[in-house]
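Here the structure comes first, spelled out in structure tokens, and everything after it is commentary.
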Amino acid sequence: MEATGDFGPVPPGIDLAENQQTQMLSAVITVMIIGTLAVLLRIYTRAKTSKTTFGLDDFLVFAALLFAYGTGICVIISIKFKNGWHQQALTDSDFVSLWKLLFAHVFIYSTTVTLTKTSIVIFYHRIFNLRWSLYFAISIIIAYFVAVITTIAAACRPTSYFWDQYIDPTAKGTCIDVPNFFFVSGIVAVLIDVMILCVPVPVIWKLQMPKSQRVAVTSILLLGGFVCIVGIVRVVFLYKHTQSKDPSWTIAPVFMWSCVEPFIGIVCACLPTFSSLFRRWWAVLGFKKSSKKQEDYYDAGGSQTRRSKQQASEDEEDGPQGDEVQLTSFPGWPLNFLRKGGRDDAELSNSKILIKEEVTISYSVQ
């Protein structure tokens, strides 16, 4: 394929027919579907299987999903302007449109990840008594958002120089080193993700509960580590972009991973809220297995009394479900994860922890 654009001759070894658009579309459409399903399942869980009402963290995740759609739409539209093609295949008009989309994409991406991270921190606030640590985390998240938005908004003077510098040698203006800023801000974003993951871990390991349960709780929360991995992959491609002389080619995976990361973050934010739904499904599966055993028993002449006792036991187990995480009797609020609390357990109701204590006093009269 010969050069059809306005960026000069094709360098040796470059195939202008090569492009990355199939991979981009496949990845973006997949994560959009998964992210949407995760939020819908979260809404269903809150409405049908959890005693916890909708909270600010739920609304923030829903808002994040809407903005995440914006990142996906930017990627899909960018296909029209040959995002993922070598620069020599683009016209000046293609490149300007692509870089305008990139400019908008930065604002949408930053808003999406900020909403998602804030949602996770507020979810922690539902569960853990870490007020000042969480306030600090939210302050860092918001400060990062403001820094990125203000820097990009003022990155080039005039703003049009953000894209004109690539197509017009006579264009006048100034810009910061935008590719390197993207790279550094990507590293900071990953560090913030790690900080958010680590906030509750020390508290969990101080709880008076079996080690296996502490491991289970930590593992569920650390599923958010997937978004850190995606963030690192994004940083790698950002670094490659800083070294590139073919920006329309190297910006394509940055576009793609900057859409994948927010949706993966949304999924990770939703995962801990599914536990009450999983308990319900597990109870249903267990009931079916138990029912089959009971039928075999009755066929063999078993007593109605035994059936009644078994059914009553199952009905008791399938009683009102707590929130996605229940806190139980701990001199400071221990965690009972993914199991039902008894009458002596602390109950999580209306986002508050109620702890019931029994005191026995013995005395003798002389």
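Heads up, the Cβ atoms here are built off N, Cα and C, so glycines get one too.
Values in this document were obtained by computation on a predicted structure and should not be read as measured data.
What TrEMBL says about this protein:
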DOMAIN    41-280  domain 'Rhodopsin'
REGION    297-335  region 'Disordered'
TRANSMEM  24-44  transmembrane segment
TRANSMEM  56-81  transmembrane segment
TRANSMEM  101-125  transmembrane segment
TRANSMEM  132-155  transmembrane segment
TRANSMEM  181-205  transmembrane segment
TRANSMEM  217-239  transmembrane segment
TRANSMEM  251-271  transmembrane segment
(Q) Under 8 Å between C-beta atoms and at least six residues away from its ends: which parts of the chain pack against the transmembrane segment (132-155)? (A) 103, 106-107, 110-111, 114, 117-118, 121-122, 124-125, 162, 175-176, 178, 181, 185, 188-189, 192, 195-196, 199
Q) Any residues 6+ beyond the ends of the transmembrane segment (24-44) with a Cβ under 8 Å from its own? A) 58, 61-62, 65, 68-69, 72, 75-76, 79, 83-84, 252-253, 255-256, 259-260, 262-264, 266-267, 270-271, 273-274, 277
Q | Recorded stretch that, among 56-81, 101-125, 251-271, has the most CB pairs under 8 Å to the transmembrane segment (181-205) | A | 101-125
(Q) Averaged over the domain 'Rhodopsin' (41-280), what pLDDT does the predicted model reach? (A) 89
